[in-house]
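Just below is one structure, and these are the notes that go with it.
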Amino acid sequence: MDVSYLLDSLNDKQREAVAAPRSNMLVLAGAGSGKTRVLVHRIAWLLSVENNSPYSIMAVTFTNKAAAEMRHRIGQLMGTSQGGMWVGTFHGLAHRLLRAHHMDANLPQDFQILDSEDQMRLLKRLIKAMNLDEKQWPPRQAMWYINSQKDEGLRPHHIQSYGNPVEQTWQKVYQAYQEACDRAGLVDFAELLLRAHELWLNKPHILQHYRERFTNILVDEFQDTNNIQYAWVRLLAGDTGKVMIVGDDDQSIYGWRGAQVENIQRFLNDFPGAQTIRLEQNYRSTSNILSAANALIENNNGRLGKKLWTDGVDGEPISLYCAFNELDEARFVVNRIKTWQDNGGALAQCAILYRSNAQSRVLEEALLQASMPYRIYGGMRFFERQEIKDALSYLRLIANRNDDAAFERVVNTPTRGIGDRTLDVVRQTSRDRQLTLWQVCRELLQEKALAGRAASALQRFMELIDALAQETADMPLHVQTDRVIKDSGLRTMYEQEKGEKGQTRIENLEELVTATRQFSYNDEDEDLMPLQAFLSHAALEAGEGQADTWQDAVQLMTLHSAKGLEFPQVFIVGMEEGMFPSQMSLDEGGRLEEERRLAYVGVTRAMQKLTLTYAETRRLYGKEVYHRPSRFIGELPEECVEEVRLRATVSRPVSHQRMGTPLAENDTGYKLGQRVRHAKFGEGTIVNLEGSGEHSRLQVAFQGQGIKWLVAAYAKLETV
């Protein structure tokens, strides 16, 4: 039988994995090493060479997109669709199983799946029905608690509270939630896996049926599995099934949502004699980029070990840029992208990666100023985010009480006991009397036309808005914004959200304060009050909208969102201690290695050119912060890195330190630290100098106006 079509396009290690005898196998697949190709060709090998039936194969992926691509590529390779295989995500396959055996799983035939929004709404109702204070027992935290317990395979009666009243209350919420779901025939995502696992445990004959059927199990991205997913695979395989897992311990970056990189080692322990094959040849990046990635990840302990290599070109060195601040950093990145575009490169080939969503705002503004289209991958633009729109709505209502859209958004955010029934009365009266919602509320309260509790809550809300408007009127814009975020209860509400999502929302609110501090008037805004001018600016930015999907646009995304993607030109910004690695990882033991794996993922996204940037000073989350360069920069081989400009000592062993100083004076006669006066912006201090002659530029920090770049020849600055 001619099997050359299955092997000819593969390298030696890929061939070894594809053509191995049927056995348990770990394929350690480095970034860009062709793991999807290996999985597809392995399935084709099992079908055509080993003569296994499609019905014997289950392939598990982590996204529906990956599953669809795998099915498509298998069909292309085999020349026909292979019916009978189960190819899908853990959740998709568990759902299929429960549909087939709904009675044995104690589910109605027409059971419905709850998405996270539905889950939140149900929990909100239950917490209220249990007479619990929603501020103390937030629905989002309840959802996190329940999903975490299910991911560990735990039902309410399994949980040991040890007399802890907080744990006991969450246990009761979980119990009430589960009973409500069972009554209504509802199943959330975590329940799909747990219920399917319990089905096999409670009905051995069903488990045996699937063990006899699925004798070949293949699992992709194994480093991202959690405990219940591992238990699911282990139970199905039994003693006779053959399991091939594909994963990369160096790319395990989802520990915060329950992923267990240790599952790879558990597999080796539970399947003694399993073969390990390392895919180390990289088809994506240049040799310089791979050398940097290898050196970086070698600083982690307990790795299973592999070293990426390529037979491609050495490529350009990694560029390292030290910016004065985040504005300079954004300007530098945009200028580099402009140069790439001018040389014939597409904008879509450029990706800007950052650790935190809050970092995108300054980058977005720089791209907008350069009229450069961009797209936020897997996320929303800064001014479109929920928490930002909440805060802006408070500011809008303070600026204009008759803003009905802003009123609707914040009247019960955070919850104040102003229910839909009360608001329906307000809306109807507004229509009848042809008045705004605010005006109607005033009249209804004066007429005592609303129920007591709701009336009191509405009265307090209106007093809050009036007080904020009066007390903050003369404050600087950033102080006013910070006060509104705190006094409105928004900050407290989002602080109660568990996990990374809540932390991200707080960071974004603090970044909004920074945005108001850095905001500077355009000429057309000069007749407006600062708050009105900023709100106009925010509305216009949000109104720009995402670049159309067909449009050539720069890609912006978090490092987590970048996993699995590749780009010719990659920028990783904010490479500073406390930013990346994040402060949380420095404060919590065991998190630093996951941050380093995240850096490794970022570096290995780059195909041709990688640029790393850090700032000496950064106004982030509402305050000026001075950070040291990230330790990850110091872990890169010196010969792989070329510094565009260096302003601080890089954090690396003393023998490798490279030091530099900023340009202190240029041929215009201006000096760093010199006090100057501008006709429009007032007094400020020169914080950066660049270029010479007619191209000389100055960066000046103006009091109350932010930091601005000026062309020295046209600035007409006076020395103070």
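Glycine is no exception: its Cβ is also placed from the backbone N, Cα and C atoms.
Record check: Swiss-Prot places G32, S33, G34, K35, T36, R37 at the ATP site, and the matching candidate among R278, R284, R303 is R284.
Take the mean position of the Cβ atoms of G32, S33, G34, K35, T36, R37, R284, the recorded ATP site; other residues of that chain with a Cβ within 8 Å of it are A29, V38, L279, Y283.
Here the binding-site residues are K35, R37, R284; the one with the fewest Cβ atoms within 10 Å of its Cβ is R37. Among the residues the record lists as binding ATP, namely G32, S33, G34, K35, T36, R37, R284, the two farthest apart have Cα atoms separated by 14 Å. Per-residue pLDDT, averaged along the domain 'UvrD-like helicase C-terminal' (287-564), amounts to 88 for this model. In this structure, the binding-site residues under consideration are S33, T36, and the one with the smallest number of other Cβ atoms within 10 Å of its Cβ is T36.
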